[in-house]
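According to Swiss-Prot, the protein has these features:
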{"type": "DOMAIN", "residues": "1-141", "note": "domain 'Globin'"}
{"type": "MOD_RES", "residues": "Ser1", "note": "N-acetylserine"}
{"type": "BINDING", "residues": "His58", "note": "O2 binding site"}
{"type": "BINDING", "residues": "His87", "note": "heme b binding site"}
Amino acid sequence: SLSASEKAAVLSIVGKIGSQGSALGSEALTRLFLSFPQTKTYFPHFDLTPGSADLNTHGGKIINALAGAANHLDDLAGNLSSLSDLHAYNLRVDPGNFPLLAHIIQVVLATHFPGDFTAEVQAAWDKFLALVSAVLTSKYR
C-alpha cells in the first residue's frame, strides 16, 4: 500500500491533470504503440493515428480511471473491480502489457509536469501504477 506522503504525491499530479486527461492518455497510447508495436493487436478497430478520436476517447478513459483509482487509494480492488473483470475475461489483455503502459504514463507525466514530477513523485506513481496493474491482473488464471 501507499504511505500518506506517496498518496499525496499521486494526488498532486492527478490534480494537475484536470481536463487534459484525453490528450495525455492519447499521447500515452501513441507512445505505447510506437515503443511496443505488439500492443496494437488489442485495438484492431481503432484509428491509431496520433490524436485520433479513438485514441483521445480511450486515452481519456485510461487517465480518468487512474484518477478515480487515485481518489480511492484505500480500496483500489473495489474501485477497479469492473475494469479487472473486463481486462481478464473479455479483453484478455496480456498482463505483461500493464507495466509497459505504466512506464509510458510516467514518461508522459514527466514530460508535461517536469517541475512537479520529481523523483519522489515518480517513485510514488511507479508504486501506484504497480498496485493498479496488480488489481487489473488479479482475476487472471
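A Cβ is built for glycine as well, from the same backbone N, Cα and C atoms used for every other residue.
Helix, strand and coil counts from DSSP across the domain 'Globin' (1-141) read 108 helix, 0 strand, 33 coil. For the pair the residue listed as 'O2 binding site' and the residue listed as 'N-acetylserine', the C-alpha distance works out to 27 angstrom. The recorded positions examined here are Ser1, His58; by Cβ neighbour count within 10 Å, the least packed of them is Ser1.
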